[in-house]
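Trainee: The structure follows.
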């Protein structure tokens, strides 16, 4: 939609947009271009500027097996936590949209995990998941050592995926519910006149109409899983055991700020940025084609 | 409700209650843990009902993590981000929607692209900028030869420096530098009918007056929504403060201090104090969301379209 009524004083327009442009230039575009520069250079140990090394940093990063492992883990983490959160949110929203008694209560109650900081949620789950006295300690009474995120990489991965999914459910739920409520009532009624029962209407009517929302949430949740993961990993598992939960953002932090390898971390940052952009692009290219906007 | 489906209604309720429990149980259990004694919290059978130690644990957590100053810091950062964001996004969206100049769409895309790469993804370079926020300008001046000119004529070696590490500006400004707000306002401004603008112009109102007396009152809901989203976002920041704050005594935020509450491997695991600390950290954004719920949901959803 394009407007036709405009104000004339264009100098004012430039003035109004200047602060925003300035701030994103300093904190977004400049840093991004710097990352580019660092990724292709190597900082000399005793100062004296950066030395151009071409693709060496990338070669080093990509020949590092732990890096490939971290990419892999990030993808598994993103896919599983997004899948878990979205499917749960979708089911809950579909049922909540039936608006039976108490529906308002659910609508309210399912929103608030959104407000909780990822690290705070992670600390709570670290308590719940601890093998001695947490809820999951019960598993260990069945067979000792069955559950221990401090020792088993699979358990630790499970723990961070559940935490992330738990945190994401409410966000997706809000969008799904709003999407469902924007479907015209008359469509639902027409469906039921034609003899479609509740479940049939959910599957054949509401789900397809919800496709744009599902797509949008897929993109958002996948991106979020890269950003939120740092707090969760840092508090819940600290990347361990034996790097089993070292996701990409966490690895950048460890290599760059604890290992002080800025060039390597910059190269990793670039790969991560490229991956996020590529992921968004692929989702638009291949999944959006199946989405019908009304 | 179109038809009678007693069986399905039971299923519906069951699913919803189960879902609500899944979401609520972790919080409930950590709340319960925050009310227990160390011995109780470490006993192998899980407690489901609160005990009487809540206040003691809260004060213990408060003093251990030294929350006094940090709570204040978190508040300052969150409120400053909210104000900065609400103001800057409003005027930039106003500029994009209500004026027609050549670079309009370019600016829009330049701002929009920043939505794709969140702060966590580009921490390394942003960190370098925070060490000297004026460095980009220095580099431009050097590159274009202006600093050389100045040095030639005035004899002054130009070196701009503004270190943002360990400061409130360093905590706040990078968080303001995202596009969410601008986008939200833009979507709303586009729904304002042309007739309103024409009418305002006909009544002799200039852009300033239109902005303050027509646009701002109309976008009250959006402002409330954006403020809520930004408060939660700023309060919950973890990685960024962790990087730029080394002077923890004066500048750290509450979320940063969570790490200190993790019980060590050797000592007795006082999860009760850790959980009390978690509750303290969780509470402010939770309250904001609960209070602002109505607007917040509307704002979140209107970003989609």
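Just so it is clear, glycine is given a Cβ too, placed from its N, Cα and C backbone atoms.
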Trainee: Check each of the ranges B:146-167, B:168-189 against TrEMBL and return the one annotated as transmembrane segment.
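Mentor: The listed stretch tagged transmembrane segment in TrEMBL is B:168-189.
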Trainee: Who are the chain neighbours of the transmembrane segment (B:168-189) in space, where the CB to CB distance is under 8 Å and they lie at least 6 residues beyond its ends?
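Mentor: Result: 73, 76-77, 80-81, 84-86, 88-90, 92-94, 96-98, 108, 111-115, 118-119, 126, 130, 133, 215, 219, 222, 225-226, 229-230, 233-234, 237, 240-241, 244-245, 251, 253, 299, 302-303, 305.
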Trainee: For the transmembrane segment (B:271-292), find every same-chain residue at least 6 residues outside the stretch whose CB is under 8 Å from a CB in it, and list them.
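Mentor: Here the qualifying positions are 27, 30-31, 33-38, 40-42, 53-54, 57-58, 60-62, 64-65, 67, 71, 74-75, 78, 224-225, 227-228, 231-232, 235-236, 254-255, 257-258, 261-263.
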